[in-house]
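To start, the structure under review is shown below, and the notes come after it.
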Amino acid sequence: MTINRSRQPEDHEVARCRWLEPFLSHLQAARNVSPKTVTAYRCDLLQYFSFLKEQAGLDRLEAVEPERVEVADVRLFMGHLLDKGIQPRSIARKLASVKSFYRFLLETGRISSSPLSLVVTPRLDKKVPRFVSEEEARQLFRRFESQEDNAALQGDGKKAEVRQFETFRDRAVLEVLYGCGLRLSELIALERADVDLVHGFLKVTGKGRKQRIVPLGEPAVEALRKYFEVRRNFFRIPLERTGESSRVFVTSRGRQLYPMLVQRMTKRYLTPVSESEKKNPHILRHSFATHMLNGGADLKSVSEMLGHSSLTTTELYTHVTFSRLKEIYDKAHPGA
């Protein structure tokens, strides 16, 4: 049978898709995953169920019986994705979603065996993290001290006040991203109570709502202190009345920052100083890890500060450390 690859499941089909909603509810309740992650699981599994439906010649998703799926069906699904030009990394992610679904069915006694037990995840090349150089990072923050940037703070009126507020906020945002290695979602979710400027640390809520303590360097402490002072003066009416005051970083209207704003902000400030193709908030997280390891920090400590659940993830950054060690060796060793 020819598979209709363009058709998406309709809402009423999704609602009746067998065992999908119990699994998604389990993700939210037991594993504390984010809504964005739940949406990704939903999309991956609906694509899987839709393929099985078409493959079996069924007329609706609710007719798909996960317990009757065989290893060959899963491998056909992987081949179908490859045929569509889906990249191996994306296929591995979709396969991980399907494996999690069947693990849930096994644990809840809905099935007695999983067809995924004999399916091997495609081998992936490790992606080397992109980062800005230490000199580029210095130039990034030097721009805030330049006469050109300070000129934007001059003048009277509301527009000048907004520029001043946003300039101090932007510097604090970038100092925290680079100085603490936070994810974008973690930065946006920071509460005022999570910041301790006296002792110099942040309490960060990461993936799976796991909390960790991250040290604040002096540049980040100073940037936050100045930002909080400007913020107090800018919002003449206490933010407590707006319902938004608990967030550390807000817009000039007192609302919580949103991802696109921080992405645009990061690109705007990095473009003049960095030759890196990527100019997003995550590259500052990569730079934090790379520069920490280059400076001699141990892998376990960096892993804890990044909120990684496994050292394997952090090991991706060691390629830069080895490059740096080779550079030092070549310069220092007489026989190099």
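Just so you know, glycine gets a Cβ as well, placed from its N, Cα and C.
The active site annotation in Swiss-Prot covers Arg183, Lys207, His282, Arg285, His308, and the record cites sequence analysis as its basis. Annotation source Swiss-Prot lists active site, O-(3'-phospho-DNA)-tyrosine intermediate at Tyr317. Positions annotated as domain 'Core-binding (CB)' by Swiss-Prot: 14-106. Per Swiss-Prot, domain 'Tyr recombinase' is recorded for 127-330.
Feature map: Swiss-Prot annotations on the structure.
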residue : record      : CB count, 10 Å
Arg183  : active site : 17
Lys207  : active site : 15
His282  : active site : 17
Arg285  : active site : 22
His308  : active site : 19
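Mean predicted confidence for the domain 'Core-binding (CB)' (14-106): the pLDDT average there is 84.
Among the active-site residues His282, Arg285, His308, the ones whose Cα sits within 10 Å of the Cα of Lys207 (active site) are His308, in sequence order. The residues of the domain 'Core-binding (CB)' (14-106), classed with DSSP into helix (H, G, I), strand (E, B) and coil, number 74 helix, 0 strand, 19 coil.
His308 (active site) and His282 (active site) are 14 Å apart (CA-CA, integer value). In the three-state DSSP classification, Arg285 (active site) falls within a helix. If you measure from the Cα atom of Arg285 (active site) to that of Arg183 (active site), you get 7 Å.
Looking at His308 (active site) and Arg183 (active site), their Cα atoms lie 11 Å from each other. According to DSSP, Lys207 (active site) is assigned to a helical segment.
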